[in-house]
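Worksheet: one structure, shown below.
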Amino acid sequence: MKNDVVRWSRQPTSNTTNSSSSSRSDSNSTHKHRSKSNKLNARQLGSNAARSCQQRSSVATTLEDEQQTIIECDIGNFNFDCNLFKTSFLTQHKQKRSGKSSSKSKSNRSRPLAKTKAVFLLALQFSAVVFLCNINVGFVAGSVATAASSAGGSSPAAPSSAPSSPPTVAVPPPPPPSSALKVDPNGQSPVLPPYVLDYETGGKAKLTPNNGKFGQSGSSGSNNNHIVGHYTHTWAVHIPNGDNGMADAVAKDHGFVNLGKIFDDHYHFAHHKVSKRSLSPATHHQTRLDDDDRVHWAKQQRAKSRSKRDFIRMRPSRTSSRAMSMVDAMSFNDSKWPQMWYLNRGGGLDMNVIPAWKMGITGKGVVVTILDDGLESDHPDIQDNYDPKASYDVNSHDDDPMPHYDMTDSNRHGTRCAGEVAATANNSFCAVGIAYGASVGGVRMLDGDVTDAVEARSLSLNPQHIDIYSASWGPDDDGKTVDGPGELASRAFIEGTTKGRGGKGSIFIWASGNGGREQDNCNCDGYTNSIWTLSISSATEEGHVPWYSEKCSSTLATTYSSGGQGEKQVVTTDLHHSCTVSHTGTSASAPLAAGIAALVLQSNQNLTWRDLQHIVVRTAKPANLKDPSWSRNGVGRRVSHSFGYGLMDAAEMVRVARNWKAVPEQQRCEINAPHVDKVIPPRTHITLQLTVNHCRSVNYLEHVQAKITLTSQRRGDIQLFLRSPANTSVTLLTPRIHDNSRSGFNQWPFMSVHTWGESPQGNWQLEIHNEGRYMAQITQWDMIFYGTETPAQPDDVANPSQSNQFNLYGNDMAHNDVEYDSTGQWRNMQQVGEVGMTRDHSNTAACLKWSDRKCLECNDSAYMFEDQCYDVCPVHTYPLDKFQAEEDEQDDEVTRGPVNPYSSSPMDHSLLMSNSLDDKQDPLQAEDRRRRSSLTQLVEVPSRVCAACDRSCLECYGALASQCSTCSPGSQLRKILNETFCYAYVVRSTGMASVVDISKMDDRDTQQYMTGTTVLLLVSVIFTLMGVAVAGGIVYHRRAMARSNELYSRVSLVPGDESDSDEDELFTAHFPARKSGVNIYRDEAPSEKIFEEDEISHLVP
């Protein structure tokens, strides 16, 4: 219970200070006063005090000024402790007890107002501080990252003012001293060659000595890109000459079991006394292996997260199960053959397998193995083609790859993939495999802990017997994972491509990934991003990009697979000797590609792994695949980030492979960009340039890698674009909305195949966009070029001037187009454009001359567009006659006017036009002028052609933005200055996904950005200062008011009698001030007085 409080209030006098000090001095003395004739006794006082518990009474006198002297006493426990103070908050005299205190009312009214002001000021200051933090916190992060990299041993970056030095060709680091490393008695290289990136160590521990061994035993090092799991009970051990029984002896001596050989001199050990899942390593067993002189290298394995790239069973399509074929279909009695639309549809709408079968090519003699969760080897549609030598159970360490059955059939994936490749034909059951004459095996490796050793052992299984390895799995497609093969798996790829198939190289085919819905990018998958694999994407039945498909520059080609609910899926074998028509995802695409590869290898057994990739690039069909990102590279090939070079064409690949000459030896050149230590501010981008003129051994590119080290507070905000000397634009990395990692990229090799056939000589540009709120910093950029010194084929014609200014009406490919009789199958096939737009359908009958599926000449009544003949120009194009093109050229000369002979560029006049005031007022007119000024002379224009409209037009009568006749949905025609443009209803910024061409930007964009940034910064500073000033004024005012009030001072109240036995003892207070009339009131009891006026005279003298 709270104590009762009574206040005695008296009118201040001129000697208030003296009275206060006198009261404080007299508080230490004891005064006795017993009131016998008083009407108030001690018992009554105690009773009144009990009734007034938790109440506050005050005594007030009439004020002549704004201040009062108040004594506050606590009487709840009969211990009169009083406080004497002055106050200026009670500004009115309390006339009667029933009235409310005006001071209390004013205080209650002022409190909400004060709280509102405080909240407003806090919100204002908080918003300003947050804005300033967003501007500046990234700089701190960048400084910390720089300091960390410097502390990590990296050399400090050269100052920006230093003169730029030419790029240097990377030289492999010198080998460690012989005293520090063990020497391989066979003279073989270490676990990984120096140029292979170790994904588990970020490239930092490839040749690090550790007690005389290669690599770090027992610790995988720091890897920001790889999320490792628990430790397992298995080890990977390198024992030279272990085949002669030494590996078994080492395992026995240290309590291990030798599970088998991974590849040359590398073995898979297990220790059954070590926990199969542990968060900490088994250091004791690791140390024993390290101390054994027979062991060259040892490492405890950690589990990895690997996902199959298919989906939950979807409902079968309600569309017709039989498609009209435009080629002569073969007769199969398999029950599901009519539903295999991707093989028998014809008309250029399938993968053209039937003509290859008619040539007698069925994959006979080629061995394909499926790396997955097992294979139902006794399936009626698989058992005739099952090959036990191509099969193994890595999870259970036996030769039987039969899957583990459960209630959900979760291990059906491998059996489905195997049926796509080699399901038996004409057995009256289920489906037909693409290579139905090939042998198929399966490796059960996903139904357990997947470690680096498990992957390496699977990829290295019987490489002299197995020709093709098909994998439809990889790191999690969640849009936030950056992961790839470990040290052993990377070595397995190299061993396979250099030694497999008798030195011709094993074929590794990989599914590109199903993270499209999560906006994942397959360049963050180290398996599809590898030069050793053939990455395959998917296309739907209608030729669209599937919703699950990932876009990246490492995808080489495409096969058909599932789409939406209304589109058909893939037919194949299933668990329990059954069949399915609903195989989905890129998991279904990779086995189809493996089957086509088996057909190609049968037609030419001497093909190497690089030969196959060259053939895929040259024969893939872009036709009928709808993707707005289609473009042409520097040698004229059409390529897409979703489909690669197009749909795989089995018959054409077989035809080319029969006459194929082996490509020259692969050459490699690495260029290190100097002084790369740049900060990328938020929502901006920078462009780095690297001049290449030292790679004389690589003149015809195959794979290109940009190895980048970059730090960022949020990795998903980074976009990367690469531009080749031939002006081919490549998107290396797209934004990933789920990637919140702060790890950045540590020597991650972003790979591209889009510059295939180009020359690396010239200027390469790397454009880095930071679309987030935090700073980013790039510290390393290396370019690695793979290719040949001479053309891939002897009859290929070199193209000395590479440019993507390709001829719109012909084919500028660098290789030799093989012409054949136009009466063949391609002469009768229909190349379909946009689905549902009959006016876009080409007219093959109007073509007079064919060359490799491309029309070279149309008749007089037809229009030519993109190597096809049309009766009417397709949508987004307009008819352009030869005389009209010449008139446009003349008009353009008049528009450009005289050229300054002293100008360094013929475009100076157009640049001046682009900086005019009208351009600032209307960007569409500016773009129109730029396009007018950039029109070049048309050379050898066919008589009737279709030219592309401006992208803002749906239909047009010219190439300019001001020549639209109809607009795309969401836009409307508006007339400005006697010209008509298509304006969008709502203009939205596309900065998050647009590619900004720095070469076409003028300085005013940068100036506007800097001006806007400065203004925002000044506004935030002004608001902050105003908030601080207002808050300071309030604090100062409050403190000034507090100084006008004296602090509480203790006044001792002592009993009137020293006797302790009298319970009715009355406590009184002695005041040295003169007696004056005092009224006493209690706030919460208006009908009752605690003290009468004449009674207080005994309390206050």
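Every residue number used here counts from 1 along the chain in the order it is shown.
Each residue, glycine too, has its Cβ placed from N, Cα and C.
Residues annotated as compositional bias 'Low complexity' in Swiss-Prot: 13-28, 150-163. Annotation comment: Swiss-Prot describes 38-57, 901-915 as compositional bias 'Polar residues'. Swiss-Prot lists 119-139, 1014-1034 with the feature transmembrane segment, giving sequence analysis as the kind of evidence. Annotated domain 'Peptidase S8' per Swiss-Prot: 340-654, in sequence order, evidence recorded as sequence analysis. As annotated by Swiss-Prot, disulfide bond applies to Cys430-Cys579, Cys522-Cys552, Cys669-Cys695.
What Swiss-Prot annotates, mapped onto the structure for a quick look.
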residue : record         : DSSP class
Cys430  : disulfide bond : coil
Cys522  : disulfide bond : helix
Cys552  : disulfide bond : coil
Cys579  : disulfide bond : strand
Cys669  : disulfide bond : strand
Cys695  : disulfide bond : coil
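The disulfide-bonded residues in question are Cys430, Cys552, Cys579, Cys669, and the one with the fewest Cβ neighbours inside 10 Å is Cys669. If you draw a 10 Å sphere around the CB of Cys695 (disulfide bond), it holds 21 other CB atoms from the protein chains shown. Spatially close to Cys522 (disulfide bond) yet at least six residues away along the chain are Ser512, Gly513, Gly515, Thr528, Asn529, Ser535, Glu550, Lys551, Cys552, Ser554, Thr555, judged by Cβ distances under 8 angstroms. Note: the CA-CA distance between Cys669 (disulfide bond) and Cys579 (disulfide bond) rounds to 49 Å. Across the fold, the C-alpha of Cys579 (disulfide bond) and the C-alpha of Cys695 (disulfide bond) stand 53 Å from each other. When the Cα atoms are compared, Cys430 (disulfide bond) and Cys695 (disulfide bond) turn out to be 53 Å apart.
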